[in-house]
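A.B. asks: Dumping what TrEMBL says about this protein:
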- Cys36-Cys39: disulfide bond (DISULFID)
- 1-8: topological domain 'Cytoplasmic' (TOPO_DOM)
- 27-44: topological domain 'Periplasmic' (TOPO_DOM)
- 9-28: transmembrane segment (TRANSMEM)
- 40-58: transmembrane segment (TRANSMEM)
- 65-86: transmembrane segment (TRANSMEM)
- 137-157: transmembrane segment (TRANSMEM)
Amino acid sequence: MILSTRKTFLLMALYTITMMATALLYFQNHLGYEPCVLCVAQRIATISIGVIALIAFVHGGATKVYAGLLVLASGAGAAIAGRHVWIQSLPEDEVPLCGPSFDYIVDAFPLRDALEMILLGDGSCADVHWSLLGLSIPAWTLIAFLGLLGLAIFQLIRRSK
């Protein structure tokens with residue numbers, strides 16, 4: 001059974017809501033983990049995917065446009081999560097130095113410099129606080145983004161139903 005185009009967009013929106021609820025309610029509020037700059041960037045990508053998918057579901061038209069936007073947002077999220085996993089895999093002596101918080105970066109630096117600092121990550125991004133089956137939170141997030149990317153590509157190439 002293949003879901004309709006609109007139901008697939010709804011599934012993507014609900015999945016991102018689940019991702020954000022897990023991040024905020026479990027990891028941040030229950031376990032007390034503060035997100036690093038790359039975690040915040042991944043959350044922004046997740047929210048972007050959810051908003052685009054929800055608008056696509058409600059609108060019901062322009063499927064290819066929404067699917068293209070979802071490919072871009074999911075690809076960006078996967079790239080950010082991939083960089084995060086890479087930073088976590090670095091030997092301790094190659095981990096970048098810790099930097100300022102996300103809020104400070106956004107407030108104190110021009111947009112271009114802020115984006116560069118955020119996407120490069122810092123030493124706090126190398127900390128692995130939690131893992132399941134040997135995979136850290138960013139690794140699981142990478143898997144989620146790749147799944148969303150696959151769905152977005154499927155939406156892009158399929159015939160509308």
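Each residue, glycine too, has its Cβ placed from N, Cα and C.
No curator has checked TrEMBL annotations; they are predicted automatically.
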A.B. asks: With an 8 Å cut-off on Cβ-Cβ distance and a minimum sequence separation of at least 6, pull the same-chain contacts of Cys39 (disulfide bond), or say none.
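C.D. replies: Sequence-distant Cβ neighbours: Ala23, His84, Cys125, Ile137, Pro138.
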A.B. asks: Under a three-state reduction of DSSP output, how is Cys36 (disulfide bond) classified: helix, strand, or coil?
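C.D. replies: It is coil.
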A.B. asks: With a Cβ cut-off under 8 Å, give me the same-chain residues at least six positions beyond the ends of the transmembrane segment (9-28) that come close to it.
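C.D. replies: Cβ under 8 Å, 6 or more out: 3, 34-35, 39, 43, 46-47, 49-50, 53-54, 56-57, 66, 70, 130, 137, 141, 144, 147-148, 151-152, 155.
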A.B. asks: So which residues does the topological domain 'Cytoplasmic' (1-8) touch in its own chain, when a touch means Cβ under 8 Å and the partner is 6 or more beyond its ends?
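C.D. replies: Tertiary neighbours of the topological domain 'Cytoplasmic' (1-8) are 56-57, 60, 63, 151, 154-155, 158, 160-161.
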A.B. asks: Please compute the mean pLDDT of the model over the topological domain 'Cytoplasmic' (1-8).
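C.D. replies: So the average pLDDT across the topological domain 'Cytoplasmic' (1-8) works out to 79.
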